[in-house]
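What follows is a single structure, written as structure tokens, with notes after it.
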């Protein structure tokens, strides 16, 4: 394609676009693609090492690489003439003439020639050459089988593929197609990604991902870099709480404070006592709240974003301290203070069952993801698993839980999360019996689990909130400070778009909001006249936040603009970002 290694006239400097050329079939290989990151440094560069001209004020963008990925982008967009003119004018070819020949040979099915050329395109890592050869010859093998040239296919397998000593398991699978041709037919027409011929353009894409980027520029590399830049801008924006599709390439992205729910849109005052707990349903259409007035209220979130009373649940004999929605949002569990757990029909308000253990009080509850079992923590520090009809299935005695009314389940349903001691959180595999421990230096007040079950938010007595990664290696990721707590249980939550924010109640009557990744305090929202005990962010609307307080009210927080139009229609408070404040 032109440049120092191309003697052809500029008019023939046209890139081969593997995405535009047809192939033989749409099958895929089961061979796992190898990473080329280890071999990047071993590949010979297209031009000389001394050509290190850079562009841009920071001096970190090499001109050669920059021009090459622009050329690749032009070809990918279908601007072949423009791409060719860029190569001609800059004198920087997208690929060397050897690579161009290799790509064309692959697309033409000249397998033996392509394997020979593979050794001439600048690879010095023999393992990569062997792996690429294996992929090419496997394609040759399947095309021979498709043409019913069984003897030639067998010869290719024995004399070309097997001597590479690559992926012996795969070689045995290929030999099964020779021994039993019906096995190959079954694989070809089963619709599964098993032993089958792939299109040549797909083969070229696989080779492109296998070979070092210094030899072959990855497909759509410029688009990938731009998307990375947008992701970094979004993550760095401490107010980003809107749909990413509206981000513009023409300006640096920065949202304003008006994308955070900071205005009181409603004050709900149906409770006659302090409101201790509240939680939105998983679909965001309902909000459940509980109080020391011994009632639970189910609120409905209307299409226009207004919240109205739907059901008042009466039956507990003590204040209600905890609520847990079933995964389908049809039922909810409510837990009285050292009393019982009640299961309710969320639509009708009927109490379906009462879970209690003679002589013991229940302090916490949680649903299993399958919705057929529930877990409860008891005052004797044990944990019980029940079926929904109230049959006790299993009991784990010992220091399994404390008096804190928080109980969680990881999203896979395999681990129960409890506060087992004052400063210890226990992740207990109820089937495997394996245990993980999170040790804090301070007394734990409460915890909240992220939607994906990978992160835990732990509120401490010293007015700090710690974000823990609980998947794989357990570790602290961030700490949040600023809210007030000295006497009461104050709860925090994840929220906002992609749960990019942390919110917490506070004893100074305010709601605190932090940017999750940076730990920066974004806002403190005044309005309540008593301790804010609990907060909950609507999972389906990043611009709706609810807070519960000792002042006997629930506040619904939203954007400064109550009614926002998008695409000519009113929404329930969902707002889309245009990159402006």
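Note: Cβ is positioned from N, Cα and C throughout, glycine not excepted.
Here TrEMBL flags 95-152 as domain 'CTLH'. When the domain 'CTLH' (95-152) is classified with DSSP, helix, strand and coil residues number 44 helix, 0 strand, 14 coil.
Listed as Cβ neighbours of the repeat 'WD' (268-309) (distance under 8 Å, sequence separation of 6 or more from its ends, same chain) are residues 316-325, 327, 329, 332, 334, 336, 344, 346, 349, 489, 491, 530, 533-541, 544, 546-556, 558, 562-563, 570-573. According to TrEMBL, the repeat 'WD' annotation covers 268-309 (among others).
Taken from TrEMBL, the feature repeat 'WD' covers 313-354 (among others). Sequence-distant contacts of the repeat 'WD' (313-354) (same chain, at least 6 residues past either end, Cβ-Cβ under 8 Å): 273, 276-279, 281-283, 285-286, 288-298, 361-367, 369, 371, 374, 376, 379, 388-390, 405-407.
The annotation repeat 'WD' is assigned in TrEMBL to 362-389 (among others). Packing against the repeat 'WD' (362-389) from elsewhere in the chain are residues 321-322, 324-328, 331, 333-341, 343, 353, 355-356, 395-409, 411-413, 416, 418, 420, 428, 430: each is 6 or more residues past its ends and has a CB under 8 Å from a CB in it.
Positions annotated as repeat 'WD' by TrEMBL: 501-524 (among others). Secondary structure of the repeat 'WD' (501-524), assigned with DSSP and counted as helix (H, G, I), strand (E, B) and coil, comes to 0 helix, 13 strand, 11 coil.
Sequence annotations record features per position, and here TrEMBL assigns repeat 'WD' to 525-567 (among others). When averaged over the repeat 'WD' (525-567), pLDDT in the model lands at 88.
Taken through DSSP, the repeat 'WD' (268-309) splits into 0 helix, 23 strand, 19 coil.
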